[in-house]
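Chemist: Annotation comment: Swiss-Prot describes 109-316 as domain 'ATP-grasp', evidence class sequence analysis. Swiss-Prot lists 135-196 with the feature ATP binding site, giving sequence analysis as the kind of evidence. According to Swiss-Prot, the Mg(2+) binding site annotation covers E286, N288.
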Amino acid sequence: MNILIIGNGGREHALAWKVAQSPLADKVFVAPGNAGTALEHKVENVNISATDIPALVKFAQDKQIGLTIVGPEAPLVIGVVDAFREAGLKIFGPAKAAAQLEGSKAFTKDFLARHKIPTAEYQNFTEVEPALTYLREKGTPIVVKADGLAAGKGVIVAMTLQEAEDAVRDMLSGNAFGEAGSRVVIEEFLDGEEASFIVMVDGKNVEPMASSQDHKRVGENDTGLNTGGMGAYSPAPVITPEIHSRIMKEVIYPTVNGMAAEGNVYTGFLYAGLMIMPNGQPKVIEFNCRFGDPETQPIMLRLKSDLVELCLKACDGKLDEVISQWDLRASLGIVLAAEGYPKDYRKGDEISGLPKSAVKNEKVFLAGVAEQEGKLVTNGGRVLCVTALGESVFEAQQKALKLAEQIQWSGRFYRRDIGYRAVERELQK
């Protein structure tokens with residue numbers, strides 16, 4: 001069958017690479033795709049924006065697309081799934097009403113409270129003065145979040161009152177995130193270890209993907225600004241078998257059942273960004289309605305099952321008929337970013353040193369990369385993600401670092417400590 005993947009990042013390159021391996025996939029189209037997806041076997045880019053829903057629907061009808069997988073959040077929040085379903089097309093992702101779990105942080109916090117799902121204490125604000133009063137009552141450290149979508153950058157972890165007040169003013173009166181910041185959520189700072197827990201949902205059945213841990217801060221030792229993610233590894237040792245079952249019981253099933261009870265049946269990938277507290281309790285920091293980026297890259301390297309089959313079963317409400325199979329090795333991905341990211345960054349620098357041919361257990365997934373006159377040049381903040389499998393997280397990390405060193409362009413940078421928590425655990429054994 002023909003398959004369509006919507007999006008143009010490193011995550012979509014990883015999804016396209018995995019989908020193309022399926023015997024069920026004759027041809028894989030990526031809209032709009034990037035220079036990485038263009039190079040994959042059986043894969044073709046289509047020049048349609050990820051948010052141009054009428055054009056995507058028409059393309060899917062013209063090419064007789066048997067399955068569509070949505071990569072990024074923006075099309076989900078504006079209703080791409082609803083439009084495809086109305087046209088009788090099979091698509092894996094949540095409908096617009098269910099995608100509010102990512103589209104509005106205030107919606108999510110209120111939903112969690114209604115269903116007694118553990119999360120940080122919080123309040124929502126649309127006016128500056130009441131928000132400032134609340135900040136002064138609660139003290140720091142404290143977290144200020146823009147309500148809507150802000151490409152992973154709308155969260156400020158404020159260590160001083162001044163930082164917190166500036167964030168509130170920037171969002172509510174300074175319009176730092178436009179419409180996304182017209183309402184803010186202020187919540188308590190949770191001190192634990194973060195983990196990404198991604199599952200597939202068919203409305204009622206849930207199939208967990210491998211656990212992972214992302215690294216949000218731009219600098220080593222988790223310093224500097226928040227980003228969309230500077231690297232990730234899988235599995236995350238903080239998620240022990242016991243904590244895994246707690247997450248399913250206390251977070252995932254109550255969320256899926258709660259959404260269904262409220263008339264927003266959830267299908268698609270559901271990504272719970274969690275804080276694992278020192279006592280082992282998982283608390284929800286955020287939900288995303290899609291696979292994470294960069295978590296997808298190391299997770300896809302470990303997935304042994306046919307992703308197309310999993311998605312088709314999920315679309316048909318039959319996820320209980322399949323169990324995903326995973327490589328027991330660890331995988332780790334390091335993002336190589338353009339100078340200046342996550343603020344204003346340079347574009348157009350020529351990239352050299354990319355592997356000429358496929359290497360077993362290693363893969364470079366391209367993201368912000370364009371082709372110009374036969375050369376690959378930087379075209380985004382997060383340019384690519386070097387990913388490797390290893391017998392341990394340390395081994396995967398060392399392989400990925402070696403791969404990263406070979407790839408060059410002017411001003412490129414990356415974190416050399418991705419996976420440090422897991423590596424420390426391994427060294428203590």
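Backbone N, Cα and C define each Cβ position, glycine as well.
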Chemist: Could you tell me the mean pLDDT over the domain 'ATP-grasp' (109-316), as a whole number?
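Modeler: Taking every residue of the domain 'ATP-grasp' (109-316) together, the mean pLDDT is 93.
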Chemist: Helix, strand or coil at E286 (Mg(2+) binding site), per DSSP?
Modeler: strand
Chemist: Identify which of the binding-site residues L135, V143, M159, A167 has its Cβ surrounded by the largest number of other Cβ atoms within 10 Å, counting every protein chain shown.
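Modeler: The residue with the most neighbouring Cβ atoms within 10 Å is A167.
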Chemist: Given the binding-site residues D191, E286, which one's Cβ is surrounded by the fewest other Cβ atoms within 10 Å?
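Modeler: Looking at the binding-site residues D191, E286, the Cβ with the fewest others within 10 Å is that of D191.
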Chemist: When you measure from the Cβ of N288 (Mg(2+) binding site), how many other Cβ atoms are you left with inside 10 Å?
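Modeler: 21, counting other Cβ atoms within 10 Å of N288 (Mg(2+) binding site).
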Chemist: In Å, rounded, how far does the Cα of D191 (ATP binding site) sit from the Cα of N288 (Mg(2+) binding site)?
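Modeler: Distance between the two Cα atoms comes out at 21 Å.
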Chemist: I need the nearest neighbour of E286 (Mg(2+) binding site) among the binding-site residues L135, V143, M159, A167, R183, using C-alpha distances.
Modeler: V143
Chemist: For R183 (ATP binding site), which of the three DSSP-derived states applies: helix, strand, or coil?
Modeler: coil
Chemist: So how many other Cβ atoms are close to R183 (ATP binding site), meaning within 10 Å of its Cβ?
Modeler: 19
